[in-house]
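Trainee: In case it's useful when we look at the structure, here is the feature table from Swiss-Prot:
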ACT_SITE  Lys125  active site, N6-AMP-lysine intermediate
BINDING   Asp35, Lys36, Glu37, Tyr38, Asp39, Ser83, Leu84, Arg147, Glu181, Lys317  NAD(+) binding site
BINDING   Cys410, Cys413, Cys426, Cys432  Zn(2+) binding site
DOMAIN    591-668  domain 'BRCT'
Amino acid sequence: MDISEEKKRRIHELIEELNKYAYEYYVLDNPTVSDKEYDKRYDELVNLEKETGFVLSYSPTQRVGDTVLTQFDKYTHKSRLWSLDKAQNIEQLKEWINRNEKIIMEYNRLNEETLPMPTYILTKKFDGLTVNCTYDESGILVKGATRGTGIIGEDITSQVKTIKCLPLRIANNNLIEVRGEAIMTKEAFDKYNEKAEIPLKNLRNGAAGALRNLDVRETAKRNLSAFFYDIGYSEGNEFKTYMEMIGFLISMGFPVDPYIKECKDIVEIKDEIKYIEDIRNELNYDIDGIVIAINHIKTREVLGYTVKFPRWAIAYKFEAEEATTKLIDVEWNVGRSGRVTPTALLESVELGGATIKRATLNNMDDIIRKKVRLGAEVFIRRSNDVIPEIMGVVESSLENTEEIKAPLKCPYCESKLINEGVHLFCENTLSCKPQLVKSLVHFASREAMNIEGFSEKTAEQFYEELNIKSIGDLYRVKKEDLLTLDKFKEKKADNIMNAIENSKKPKLSSFIYALSIPNVGVKTARDLVKSFKTLDNIKNATIEELTSVKDIGEIVANSVIEFFKQENINESIKELLELGVTPIMDITEIKKDNKFNGKTIVVTGTLEGYTRNEIKEKLEALGAKVSGSVSKKTDFVLAGEEAGSKYNKAMELGIRIITEEEFNEMIN
């Protein structure tokens with residue numbers, strides 16, 4: 001065997017090992033090797049592929065590329081992806097069950113080969129983006145696609161490969177299409193928003209936006225997960241029951257949600273619906289209902305389909321936070337980054353116990369894709385108590401409506417707007433009021449310079465009446481200036497002056513966060529300080545040095561480098577330092593012998609002595625990793641009052657549960 005064949009053999013060997021380790025880590029939640037050992041093998045594979053040019057499509061190195069696509073190609077599914085009919089209440093569910101059981105009894109009366117009375121499989125209805133993954137006769141993932149119309153979707157193969165729990169190769173020799181739901185966990189959502197210049201609004205948008213992003217690097221940053229639940233097309237695999245199909249998916253290494261319940265009647269189904277509704281808010285991801293499907297495949301074939309839906313399955317929808325109302329106008333707002341975004345102004349409507357008058361419209365592409373027009377009736381949806389989003393329009397209401405036009409000039413300073421991808425930006429960073437006001441508010445925020453009492457209204461007063469036109473101008477304000485402002489008396493003026501003075505000695509990580517470096521949130525700022533110790537070291541760090549820091553990839557690293565290349569940024573920092581701002585080192589050495597160093601901790605319930613942010617900071621200062629969900633990798637669950645399902649899961653897994661009192665004793 002020559003040297004190149006030996007290297008090819010080693011590449012095959014490494015791919016098999018690494019894919020096995022990924023399955024154990026992401027699907028089984030039971031890793032058998034350390035991160036260090038995995039990284040060692042991964043680096044060996046990268047080097048061998050680079051040296052030989054021999055790269056297999058199912059290599060783990062192909063999960064994340066530097067690909068930026070120009071468009072999404074259409075893909076025709078081998079078997080239709082059906083929508084599900086919906087039951088909004090138990091009575092509608094009973095009607096569905098009774099209707100099907102009558103059809104089955106009539107079939108059995110007319111045929112010798114009878115069908116069994118149905119049992120029903122209950123699974124969660126995930127609130128993400130449906131994906132259809134095709135594997136060829138060699139078991140290799142060759143296509144990933146969106147649902148689209150159900151017949152034709154969009155090719156998102158590069159994007160789905162970034163989902164680390166998705167197998168790139170399976171031990172199956174038949175052409176097969178596997179369906180699932182790509183989701184963003186709450187943990188991944190929080191972690192992404194810590195670093196994001198423009199935070200995500202909800203989990204569903206996080207998943208859907210990632211998979212429909214032409215820049216695969218952006219998709220990878222979202223750290224998506226997935227659950228698979230159906231085989232839509234198979235040339236060689238036959239199943240007698242749905243449970244048998246699920247067993248096959250598990251055996252092939254697909255991530256399958258452990259909640260799968262078989263029920264024999266409406267009484268058992270009602271009990272399960274109540275159980276899922278009770279634990280819904282404790283889950284690490286969003287669901288919007290339960291899918292109820294007949295288990296027996298032959299029965300499914302007999303029941304067949306309507307024009308729109310399979311008769312053998314139905315979705316029980318939880319009480320929806322959705323409504324229909326009229327779009328009156330669109331308001332264009334400028335953010336801290338200069339991004340100009342549309343907000344819908346609506347006729348008032350009650351939704352989830354709140355009166356809704358405004359809703360999110362992400363950008364012009366979103367407006368065009370959803371066919372949103374002024375005067376149209378629109379569907380709005382509210383998730384996790386955030387500002388609602390327009391999901392689409394009532395087609396019948398489009399007559400006599402008006403097109404929404406993108407502004408050509410900034411709605412505040414009238415500077416010409418520029419297009420960057422799907423977004424509009426105002427480049428007038430020096431005198432565009434909303435940009436400067438929001439920058440001042442961010443700079444003064446608690447996680448940044450912590451200038452107590454400095455609100456957005458105060459920032460607007462400073463801008464309009466004191467001619468504050470830069471961050472540095474904050475430190476030139478005098479008490480007599482403040483006393484000229486409306487509602488500023490002696491005490492309030494003294495408080496603001498003291499707060500500004502006290503902010504001059506921030507933690508270095510807080511100062512870094514206050515600078516508004518794109519993609520650098522609170523955690524990344526701390527990671528930078530922990531690794532580089534000083535501001536100058538961070539400013540002068542190379543791409544290699546930055547990406548060697550855990551959780552910092554090329555996108556964040558490039559953001560840091562490009563930020564500190566800007567002359568006006570360096571001038572602003574120099575100005576702040578000359579005005580007396582003196583950042584101090586804030587990372588203390590972790591005592592290696594503390595009981596939480598290197599451990600994974602989950603916090604649940606309400607603590608008496610700490611807010612969620614405070615306990616997270618405390619644990620991270622002790623060297624712990626704070627996770628949002630309980631798994632076999634969890635070392636401790638810190639439980640406060642009204643601890644929920646995380647407490648129960650910890651009990652099931654035998655994970656040590658500690659009270660707040662025990663925690664305080666352990667750290668002291």
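Just so it is clear, glycine is given a Cβ too, placed from its N, Cα and C backbone atoms.
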Trainee: For NAD(+), with binders Asp35, Lys36, Glu37, Tyr38, Asp39, Ser83, Leu84, Arg147, Glu181, Lys317, what's the maximum Cα separation in whole Å?
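Mentor: Value for the max Cα separation, rounded to a whole number: 45 Å.
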Trainee: What is the total of other Cβ atoms whose distance to the Cβ of Cys410 (Zn(2+) binding site) is within 10 Å?
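Mentor: So the Cβ neighbour count for Cys410 (Zn(2+) binding site) comes to 23.
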Trainee: So, in DSSP terms, is Leu84 (NAD(+) binding site) helix, strand, or coil?
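Mentor: SS state of Leu84 (NAD(+) binding site) = coil.
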Trainee: For the domain 'BRCT' (591-668), what are the DSSP-based totals of helix, strand and coil residues?
Mentor: 27 helix, 17 strand, 34 coil
Trainee: Please report the DSSP secondary structure of Asp39 (NAD(+) binding site), reduced to three states.
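Mentor: DSSP assigns Asp39 (NAD(+) binding site) to helix.
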Trainee: Just name the most isolated of the binding-site residues Asp39, Leu84, Cys413, going by other Cβ atoms within 10 Å of its Cβ.
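Mentor: Among the binding-site residues Asp39, Leu84, Cys413, the sparsest Cβ neighbourhood within 10 Å belongs to Asp39.
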Trainee: To the nearest whole angstrom, what is the C-alpha distance linking Glu37 (NAD(+) binding site) and the residue listed as 'active site, N6-AMP-lysine intermediate'?
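Mentor: About 37 Å separate the Cα atoms of these two residues.
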Trainee: With the cut-off set at 10 Å between Cβ atoms, which of these binding-site residues ends up with the most neighbours? Options: Asp35, Glu37, Glu181.
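Mentor: Per the Cβ count within 10 Å, the most buried is Glu181.
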Trainee: Taking each of the binding-site residues Cys426, Cys432 in turn and counting other Cβ atoms within 10 Å of its Cβ, which one has the fewest?
Mentor: Cys432
